[in-house]
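The block underneath contains the structure these notes are about, expressed in structure tokens.
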Amino acid sequence: MADIFDSFELLYDRPGEPMINTKGEDKVLFELTEQFLTPEYANNGLELNNRFGDEEEVSRKIILKNLDKIPEFPKAKQLPNDADFSLFLPSHQEMANEVIDVLMSVTENQLQELLSTCVYARINLNPQLFNYCYTVAIMHRRDTGKVRVQNYAEIFPAKFLDSQVFTQAREAAAVIPKTIPRTPIIIPRDYTATDLEEEHRLAYWREDLGINLHHWHWHLVYPFSASDEKIVAKDRRGELFFYMHQQIIARYNCERLCNSLKRVKKFSDWREPIPEAYYPKLDSLTSARGWPPRQAGMRWQDLKRPVDGLNVTIDDMERYRRNIEEAIATGNVILPDKSTKKLDIDMLGNMMEASVLSPNRDLYGSIHNNMHSFSAYMHDPEHRYLESFGVIADEATTMRDPFFYRVHAWVDDIFQSFKEAPHNVRPYSRSQLENPGVQVTSVAVESAGGQQNVLNTFWMQSDVNLSKGLDFSDRGPVYARFTHLNHRPFRYVIKANNTASARRTTVRIFIAPKTDERNLPWALSDQRKMFIEMDRFVVPLSAGENTITRQSTESSLTIPFEQTFRDLSIQGSDPRRSELAAFNYCGCGWPQHMLVPKGTVGGVAYQLFVMLSNYELDKIEQPDGRELSCVEASMFCGLKDKKYPDARPMGYPFDRPSNSATNIEDFSAMSNMGLQDIVIKLSDVTEPNPRNPPA
């Protein structure tokens, strides 16, 4: 049975090459029949497929089951193979729904039938559309849990790499035999702009491979578009949309302060010119065109693009905004039958990122998704010039654009206005915050050979194998070498006294800058939005004194380093292989190498906040007793087929204003909380990743 799961994984290989070719480094051939051939290969496809099969190097042949009923895909086939795909476009959403429906409808455990259906879809559909729908189906079917989702950056490297790289990569693949180690292609750190553009100071963060993979993978686990409501309607999905993006904005603002920039300015006047320009320096290998740039001073314009299913005006958007603001002000939403329902944070999230879960899409619109579309089509709002969308409309590239953060700063402000309205959310009472009998006596961070309460960051170069995405080039690994931020591993040391009997407690760890842009102490009303959650975990407390230690690499926020920079094809004997197989669901976690903000060479003052909360108020009764498929990254990603593993509101205790404390010192005075000044210090050196393949 293992072979069939390997066969499914081969459908990710070289998405632009036809299926008549061999797949994978081992040259595996799918034996096609006439029903799988597209019109351009109708005359000679079987002959070519057989010719590949006669090659001595073919290691294995996969015989496909003929389908009794061939899927039609009337909508999805309308997307040309060389077009780019975006979930923000209504017409593309309909196409994706159609394909996902077909792949999900194959009878469970009929894996040969499913494989043939997927091969047919792979051959007949746009490669980006297929990859998205295929991955969503693989993640959500119960019989494909052993199929490993492949690293998107390895399959579509053009979404992550300077376009100049691919000429060098193909030359290396063609000239240097795969048996000889190939010198990695160096990706310069400053390839999209210079520091004359102040926003470019954040390019290392916005264009980080792991951060962009996180965003792409999160939206695979939590798709907003699917006909089957079960795929969308996961536990607390709307609230998680709020919290994950709120933490992205908080982390981005932390990085801005480290780079002497103000916090990001929300985009609230939708008719003003946009000063932020962005030139992505990316080419789409699917469409063989460059991604459209955005010049400084451009504005939103009414969208009239029938080909994309877009017909929406700025007036429409402003009306939707007023309706959402009214729902927040009254605490109620109006349903399609004119009745009302009490608004909560989960419902608001499903209104902002409109999906089948939106309570009234006609009234509240699709604001978040349309904000991406308006921002992506400023250069061609009427399809007059046949231009495609900008990077902000692709889940894998959207976080590269500085304007993404202005859009999401406004989105977060809407959620914060809900949290700050007492008729919607009441401030926490003392009993909701305290943990009777538990006293935190000290908190600290320690790293091997380093100063106590100092976190150390540095630059690292890591390699990614591009060969799976280099269509029509010779086989063998071709590596691109990225420079990215990293930090020295550290651990938290928390000392606590428990005057009651043995019990469990949830440890919640946050950090935030100690001062604002003007180097002044924060008001809690502002600093609470700057706290970034570093870890959350449950531990037993024995009676009396306790010392809790936790390694930074154990964080429930992050995915291991290997899941961002990994090549599954060489992991066969790796003892981590069982962990890597869990990438399908947990892969949407925050990248471990970006856990700590950059800091500065001189050191930036931060505050470490630790809370030991009352586990009796935290715990969740899961619907069944099945073992978890993975434990990492549950903070942003939840748990597969289970409830979110924390009963508290996401972001607790900083998700809402305090009715008594005005600063963090006052707020953290409760016995079950601890506060410690720490420093984040950057060592401005670049080190090679010891995991890189030998050159």
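Every residue gets a Cβ built from N, Cα and C, even glycine.
If you look up Swiss-Prot, you'll see Glu353 marked as active site, proton acceptor, on the strength of similarity to another entry. Secondary structure at Glu353 (active site, proton acceptor), taken from DSSP and collapsed to helix, strand or coil, is coil.
In the structure as shown, the Cβ atom of His219 (Cu cation A binding site) sits within 10 Å of 21 other Cβ atoms. Taken from Swiss-Prot, the feature Cu cation A binding site covers His215, His219, His245, and the record attributes it to experimental evidence.
Following the DSSP three-state reduction, the secondary structure of His372 (Cu cation B binding site) is helix. In this view, His372 (Cu cation B binding site) is surrounded by 26 other Cβ atoms within 10 Å of its Cβ, with every protein chain counted. The feature Cu cation B binding site is assigned by Swiss-Prot to His368, His372, His408.
The disulfide bond annotation in Swiss-Prot covers Cys586-Cys630 (among others), and the record cites experimental evidence as its basis.
In the three-state DSSP reading, Cys637 (disulfide bond) counts as helix. Annotation comment: Swiss-Prot describes Cys588-Cys637 (among others) as disulfide bond.
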Candidate recorded positions His368, His372, His408, Cys588, Cys637, pick with smallest Cα gap to His215 (Cu cation A binding site): Cys588
Local Cβ density at His245 (Cu cation A binding site) - other Cβ atoms counted within 10 Å: 24
Length of the line joining the Cα atoms of His408 (Cu cation B binding site) and His219 (Cu cation A binding site), in Å: 15
Cβ contacts of His368 (Cu cation B binding site) (under 8 Å, same chain, 6 or more positions away): Met352, Glu353, Ala354, Val411
Candidates His219, His245, His372 (binding-site residues) - the one closest to Cys588 (disulfide bond) by CA: His219
Cβ neighbours of His408 (Cu cation B binding site) where a neighbour is any other Cβ within 10 Å: 23
His219 (Cu cation A binding site) to Cys637 (disulfide bond) - Cα separation in whole Å: 10
Residues within 8 Å of the His215, His219, His245 Cβ centre (excluding the Cu cation A site residues themselves): His214, Trp216, Trp218, Phe241, Met244, Ile248, Glu395, Thr398, Met399
Alpha-carbon spacing, His245 (Cu cation A binding site) to His372 (Cu cation B binding site), which is rounded to whole Å: 14
